[in-house]
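Report on one structure; see the data block that follows.
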Amino acid sequence: MNAPKEGDYIAIQSYKHDGSLHRTWRDTMVLKTSENAVIGCNDHTLVTESDGRKWVTREPALIYFHKKYWFNVVAMIREGGVSYYCNLASPHVMDQEALKYIDYDLDVKVFPNGEKRLLDVDEYEAHSAKWHYSAETDRILKANVKVLVDWINNGKGPFSKEYIDIWYNRYQELAHHR
């Protein structure tokens with residue numbers, strides 16, 4: 001399949017380890033694709049949960065996926081500053097239908113003041129036992145938590161102000177020319 005181009009809209013689908021669909025985001029504008037990474041933005045996009053519940057995101061969010069890392073990053077742009085929601089997840093794949101990944105439950109939330117919280121450890125442990133996450137998967141995920149925290153602490157990639165400014169401005173340019 002051809003990679004989506006700048007300005008194209010894609011869906012994002014999150015799955016669980018057992019293959020069940022977890023959550024879908026309907027419209028994310030692609031801002032950049034490379035061999036390994038996808039950067040996009042969505043704003044007031046429809047989200048559908050696995051139980052059929054639907055809701056709409058409240059603010060613009062830049063998304064970052066990379067094929068070499070077991071996490072993805074959502075930077076929510078709010079009046080009080082940027083908050084981040086980071087999912088520990090498989091590297092993404094892209095097909096005709098959507099950008100897809102497996103959500104491995106653990107999340108890191110970063111508040112505008114820099115405070116970090118590791119979330120959903122209980123859910124991770126329960127699903128690890130239920131779906132028999134391998135020792136290798138567990139090792140990879142824990143190593144990627146360390147990489148992620150290092151990126152956060154050092155303002156690397158999506159955690160830098162410049163990144164947010166560049167990509168959110170690009171989104172606004174593209175969105176207003178439609």
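Glycine too: its Cβ is placed from the backbone N, Cα and C atoms.
Pulled from Swiss-Prot, these are the features on record:
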- R23: active site, proton donor (ACT_SITE)
- N87, D103, D107: Mg(2+) 1 binding site (BINDING)
- D105, D107, D120, E123: Mg(2+) 2 binding site (BINDING)
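Positions of Swiss-Prot features highlighted on the structure.
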residue	record	contacts (Cβ under 8 Å, 6+ apart)
R23	active site, proton donor	Q13, S14, V47, T48, E49, S50, D103
N87	Mg(2+) 1 binding site	S14, F71, N72, V74, Y101, D103, Y104, L106, D107
D105	Mg(2+) 2 binding site	L88, D120, E123, Y124, H127
Where D120 (Mg(2+) 2 binding site) sits in the secondary structure, as DSSP reduces it to three classes: coil
Sparsest-packed of the listed binding-site residues (D103, D107, D120, E123) - C-beta count within 10 angstroms: E123
Residues flanking the Mg(2+) 2 site, with Cβ no more than 8 Å from the Cβ centroid of D105, D107, D120, E123 and excluding those residues themselves: L88, Y104, L106, L119, V121, D122, Y124
Shell of the Mg(2+) 1 site beyond N87, D103, D107, same chain only (C-beta within 8 angstroms of their C-beta centre): S14, F71, N72, Y85, C86, L88, A89, Y104, D105, L106, D120
